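S.K.: My questions will all concern the structure given below.
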Amino acid sequence: MIGPVRQVNLNFDQSGRSKGTASVVFARKNDAVRSVEKLRNITLDGREMKIEIVVAPNVGPITQRIGGINESRPSTRGTGGARGTPTRGGRGGRGGRRSDNRPKKTQEELDAEMSEYMQIDEDTNQAGDSSTAQLTQA
């Protein structure tokens, strides 16, 4: 284990197949740097992993990012009716999530897929160069 992970995203296409990419957000920047160093030149599914650090841009307050806002003017939010009386109701929601008609896989099916996947990766790494084998054993 390298360090605490804040978020992991695996990327899939519309049919549910893996795109072969993922995003991992570490809690600490140093852990992200160590992961790049440790996983560099590792092969997965017969391809060398491409690992890069993406740093979030330093953004200021929203009032600085959006032009044309006069901060000194008092807010009239919630007073949309006549003579400043509050209006009732709202805009409503965005609707529900689309249904997923595919049946859910059982734990046994998921375990079998993972075992098969890991076996393919082991076979690929054993056929690779010695530096890859040393990294996977560490």
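Including glycine, each Cβ sits where the backbone N, Cα and C put it.
Feature table excerpt (TrEMBL):
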COMPBIAS  78-93  compositional bias 'Gly residues'
COMPBIAS  97-108  compositional bias 'Basic and acidic residues'
COMPBIAS  109-124  compositional bias 'Acidic residues'
COMPBIAS  125-138  compositional bias 'Polar residues'
DOMAIN    1-56  domain 'RRM'
REGION    63-138  region 'Disordered'
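Describe the structural surroundings of these features, if you would.
M.R.: Outside the compositional bias 'Basic and acidic residues' (97-108), and at least 6 residues removed from its termini, the chain residues within Cβ reach (under 8 Å) are 16.
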S.K.: In the predicted model, what is the mean pLDDT computed over the domain 'RRM' (1-56)?
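M.R.: On average, pLDDT over the domain 'RRM' (1-56) sits at 88.
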